[in-house]
Amino acid sequence: MPTASMTPNPFLSGSPEHAAAAGPLAAFAALPTGMQLAFAIVLGLVVGSFINVVVHRLPIMMKRAWLAEIAEATGAPCADDGLPARYNLCVPRSACPHCGHALRAWENVPVLSYIALRGRCRHCRTPIGARYPLIELASGALAAGALALFGPSGAALAAFGLCAALLAMSAIDMQTGFLPDSLTLPLLWAGLCVNLWGTFASLRAAVIGAIAGYLFLWCILWLFKLLRGIEGIGYGDLKLLAALGAWLGWEALPQVVLIAAVAGAAVGLVATWRGRMRFEEPLPFGPFLAAGGAATLFFGTPFYLLLGG
């Protein structure tokens, strides 16, 4: 919950009464509720389309950087991956990963282009993964949820930013098994900055949350290593929980961890029972931490009480 502050909180100034301070947010707040909701959904869909770019390209960019470092250290030539030399989140244009067909503007419209193309590349007819429209729809729903919960305010934008980052990291973790520092660490600092004004937690609770989130899973990691001789959790998960602590405060961490643990155990057991994975096979924990963080952001303590807290 936002805490009182002696200085104006720019993240909570979206109501018409704060027109002078809010600027564009005040104008947005004056729009009919239906228009606000429609705008939020469209914004969420567009951001979801960009999240798909991040999920696809960021692991490739990181692999390139690792290989370049290895080549520099060993003097060996870097293997050619067949991609342009200039490859980042902005260039080159989006293209089919199978045939290289550069997508036109209408082929990049979130969700609608997937429906129009019937889930296949227009050029080579290779199926397009369902991940793309699902992430776009999830992003649109999260944007609408943030607006409904926090109203037309900076807090809603910040909440959606958190959810968008969690969505991107979850997809990357499920795809690759790791959480990039280039996402977890900026998310941690962003949480501390947002809570300078006590937007979601006091600054004190946010700092303690960042420290406690990291140390808690660090202890679990080393306890597991002492008992089993292996690391049962990745360091990216430590940084993600630290980031959630920075956003939501230390008081939210038990609920986040409980939701993540219960959801992870349930999914793992069902997947093992159905033969989708072996019992000893590692299951990415990042998506469950992200789900716990999003659930805590949107539902707060009552959600924890429903679980028996």
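Quick reminder: no glycine exception, Cβ is built from N, Cα and C everywhere.
Just so it is clear, the model here is predicted, and its values are computed rather than measured.
Residues or ranges marked as Zn(2+) binding site in Swiss-Prot (evidence: similarity to another entry): Cys96, Cys99, Cys121, Cys124. All protein chains included, Cys124 (Zn(2+) binding site) registers 11 other Cβ atoms within 10 Å of its own Cβ.
Annotation source Swiss-Prot lists transmembrane segment at 35-55 (among others), citing sequence analysis.
Annotation source Swiss-Prot lists transmembrane segment at 147-167 (among others), citing sequence analysis.
What Swiss-Prot lists as transmembrane segment is 183-203 (among others).
The transmembrane segment annotation in Swiss-Prot covers 207-227 (among others) and rests on sequence analysis. Sequence-distant neighbours of the transmembrane segment (207-227) (same chain, 6+ residues past either end, Cβ-Cβ under 8 Å): 188, 191-192, 201, 233, 235, 237-239, 241-253, 257.
Summarising the annotation, Swiss-Prot assigns transmembrane segment to 230-250 (among others). Packing against the transmembrane segment (230-250) from elsewhere in the chain are residues 162, 169, 173, 177-181, 184-185, 187-192, 194-195, 200-202, 205-214, 216-218, 220-221, 224, 256-257, 285-286, 289-290, 292-293, 296-297: each is 6 or more residues past its ends and has a CB under 8 Å from a CB in it.
Annotation source Swiss-Prot lists transmembrane segment at 253-273 (among others), citing sequence analysis.
As annotated by Swiss-Prot, transmembrane segment applies to 288-308 (among others), with the evidence given as sequence analysis.
Among the listed binding-site residues, namely Cys96, Cys99, the Cβ with the most fellow Cβ atoms inside 10 Å is that of Cys96. Using the Cβ center of Cys96, Cys99, Cys121, Cys124 for Zn(2+), the list of other same-chain residues with Cβ within 8 Å runs, in sequence order, Pro97, His98, Gly100, His101, Arg122, His123, Arg125, Thr126. The Cβ of Cys121 (Zn(2+) binding site) lies under 8 Å from the Cβ of Cys96, His98, Cys99, His101, Ile128, each of these being in the same chain and 6 or more residues away along the sequence.
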